Amino acid sequence: MPGTLEAQWRGLMDPPSAPTQHPLTPTFGPPQGRGKVRERTEGQSPKISRCPNLLCVVRGAAGSRIQTQTTEFKGMALDRVPRKVGIVGYGRLGQSLVSHLLTQGPELGLELVFVWNRDPGRMAGSIPPSLQLQNLAALGERHPDLVVEVAHPKIIQESGAEILRYANLLVGSPSALADQATERQLLEASHRWGHAVFVARGALWGAEDITRLDEAGGLQSLRVTMATHPDGFRLEGPLATMRSTGPRAVLYEGPVRGLCPHAPRNSNTMAAAALAAPSLGFDRVIGVLVADFSLKNMHVVDVELSGPPGPTGQSFAVHTHRENPAEPGAVTGSATVTTFWRSLVGCCQLPSKPGIHLC
């Protein structure tokens, strides 16, 4: 990767002129018999605007539509001054976004103004010194319009509100919002400084459909199962000490809010689902984490949803099965990398409206 990026920025080297306990008890490890999940109506998440690839709907008071905007990606040119973008995190996703910004950004009116990483040494030899940001607290000096986080939920929890003082924020680690204090701080900072919080949908398939069904009152249950090889997990707490006893094992089954702190980098798809369905939220969207030794180069995500019984007694139901190729041990699948770039470009076209918007 460094060699590739070096060719892209050759010539740029010279200077230019605490989670709440929930009564739904999660299951760590194989369930000892499944019971029905008790329903809950309190503690619903705030309504989230959705920003799909071709349509953005921004909500006003009481969920009323106040703006509809169509966006095209193919052959797109932004009819505005160049957007200055900063990248926080230089792992696989960060490297891909930097590459896209350097090669495709200029024709879209996008300018990379900084890259920050928790380990600055990782940027050496692949990011020009003029673009390296050594101190995240100094990001305001680069005057970004958008800061993209693709590092770790802790960055959002510790610095998200401060970032919103200077720019819009695209959250690549939505599991951070499972912490209610973090979600509240982001919303308060968003309204205080007039900047938007965008949340990348990542590997969640059908986000717009989930939100539309939720808006119409037709969503009763939502369950997201993520399965991959154990080498692809970055687990903490009790999950980190668990060992699979067979070729396939359920490591967790329960509310998404309870999973995010223990699998912060492997629960982002589930967190995005909780944001897409605010009537259920983090407490009633069910997440299932599965270790499967047969999935050496694949991430599999199953989304199952249902609505209330209709006039015939039958319920509306949808089940999507997504197989995302991934390098052995990788946290992020290949298709998800492409999705992040589309989310970045999409939110750069949207007005800076306070609130949380799923893109």
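Any Cβ shown, glycine's included, is placed from N, Cα and C.
Worth saying up front: this structure is predicted, and the values here are computed from it rather than measured.
Some features that TrEMBL has for this protein:
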DOMAIN    89-199  domain 'Aspartate/homoserine dehydrogenase NAD-binding'
DOMAIN    248-337  domain 'Aspartate dehydrogenase'
REGION    1-46  region 'Disordered'
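In the domain 'Aspartate dehydrogenase' (248-337), helix, strand and coil residues by DSSP number 21 helix, 38 strand, 31 coil. Looking only at the domain 'Aspartate dehydrogenase' (248-337), the predicted model's pLDDT averages out at 91. Remark: secondary structure over the domain 'Aspartate/homoserine dehydrogenase NAD-binding' (89-199) totals 59 helix, 20 strand, 32 coil, with classes taken from DSSP.
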